[in-house]
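According to TrEMBL, the protein carries these features:
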TRANSMEM  20-37  transmembrane segment
TRANSMEM  49-68  transmembrane segment
TRANSMEM  97-116  transmembrane segment
TRANSMEM  123-144  transmembrane segment
TRANSMEM  164-182  transmembrane segment
TRANSMEM  194-217  transmembrane segment
TRANSMEM  237-261  transmembrane segment
TRANSMEM  273-299  transmembrane segment
TRANSMEM  319-342  transmembrane segment
TRANSMEM  363-382  transmembrane segment
TRANSMEM  413-430  transmembrane segment
TRANSMEM  451-474  transmembrane segment
Ligand code: TRP
């Protein structure tokens with residue numbers, strides 16, 4: 001176990017064993033279903049190139065400054081997110097209530113964890129589907145041989161109707177996640193990232209190259225990168241910023257928590273830039289991986305979860321080695337989802353360890369049980385509980401079942417509020433000296449970052465929050 005000393009100088013604390021371990025773990029947290037499912041689907045729904053360009057701008061100008069702010073708060077505090085915020089607030093003579101921002105984040109991370117593992121369970125289902133197909137019909141043909149288009153079309157809706165199967169798979173995904181989290185930062189979380197992330201990158205590149213040769217690559221490039229300014233409407237911009245925050249795992253104390261395990265010698269500005277660069281590259285490559293396959297099969301590239309769980313299986317059916325590629329694809333998605341769910345589980349786990357002074361393993365297991373319960377309820381919200389709308393009394397969340405309410409409330413409220421308060425805290429409240437010593441920036445870059453954190457991020461995030469709550473304010 002690698003031990004760093006907490007800022008009170010006494011308590012030994014587990015931490016990343018090297019800078020590259022931190023980078024891999026943070027990239028693992030950032031790269032997930034958001035890059036592979038949401039980004040391509042959102043790009044498809046929102047007019048391709050215009051969305052993509054605006055997304056990249058959001059990552060650089062709003063996401064990256066907040067990412068640096070979050071890791072900086074964690075690294076300074078060397079404690080769970082809430083405790084780190086409190087420490088920095090105390091040293092800046094600010095109210096300890098600032099710790100509450102991180103508290104909101106901890107709650108949000110838990111909610112995301114619950115529905116995220118349900119999707120993780122679906123990924124396990126598709127891995128099983130393609131693995132069974134290989135056993136049955138070998139690897140040389142297309143996927144899902146003998147199934148008619150209607151049969152394939154029915155796979156995903158049938159799964160969504162089957163609350164029991166989804167629950168079992170959800171629990172399986174939670175169990176895999178907690179096996180790493182329970183073993184600690186250097187002994188578990190880091191190990192997962194160090195093995196799974198390189199494997200993920202190889203699979204992603206392999207499948208993308210395969211798609212480039214067998215699929216409609218140039219069509220896909222045109223689709224993703226042709227910039228049409230007329231498509232850059234209010235809702236498209238809102239979707240792009242929301243996606244940028246989700247993808248970088250911001251606003252819910254995740255990067256604060258991971259940042260708290262980083263040694264004092266690491267340059268956070270450089271590291272944050274590396275993380276953002278890797279995350280964005282994966283999203284773009286995921287687009288270049290998925291669209292050639294979908295477009296070559298002549299399928300519509302309309303978005304939503306159906307892109308991955310309905311459209312792609314159709315596409316794999318008619319491709320050479322489709323079964324093998326399908327299996328590789330869902331294994332790759334599973335790896336990315338796992339390193340993200342690990343980071344989501346670590347946030348409430350670290351908080352509870354700090355707060356109640358408990359040991360890690362029982363704490364992680366308790367969080368896992370709670371997440372599984374909420375996950376099972378979410379799984380049933382597609383079928384037996386579909387009439388139950390937990391936040392139905394709020395117009396914004398009208399008609400949403402448990403699964404989609406968890407997604408919406410975190411994306412529309414918790415994440416923008418969390419990120420907004422982080423930027424205000426770092427930009428205006430925290431003692432300058434503490435921030436300036438930590439961020440690894442100097443000169444013009446430092447001034448530019450400060451400008452972004454003080455002005456652009458708070459303004460943009462306030463705007464996002466308002467139009468997220470009152471969508472009718474957006475010009476269409
Ligand atoms: N960023 C991950 C993705 O793109 C999801 C995720 C992991 C996340 N940890 C998070 C989102 C913390 C918000 C906060 O799939």
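Each residue, glycine too, has its Cβ placed from N, Cα and C.
Within the same chain, the transmembrane segment (413-430) stays apart from the transmembrane segment (194-217): fewer than three Cβ pairs sit under 8 Å, each pair at least 6 residues apart. Pairs of Cβ atoms less than 8 Å apart link the transmembrane segment (319-342) most often to 164-182, out of 49-68, 164-182, 273-299, 451-474. Across 97-116, 123-144, 194-217, 363-382, 451-474, the stretch most heavily in contact with the transmembrane segment (237-261), judged by Cβ pairs under 8 Å, is 97-116. For the transmembrane segment (20-37), the partner stretch with the most Cβ pairs below 8 Å, chosen from 97-116, 164-182, 194-217, 273-299, 363-382, is 273-299. Of the ranges 164-182, 194-217, 451-474, the one with the most Cβ pairs under 8 Å to the transmembrane segment (363-382) is 164-182.
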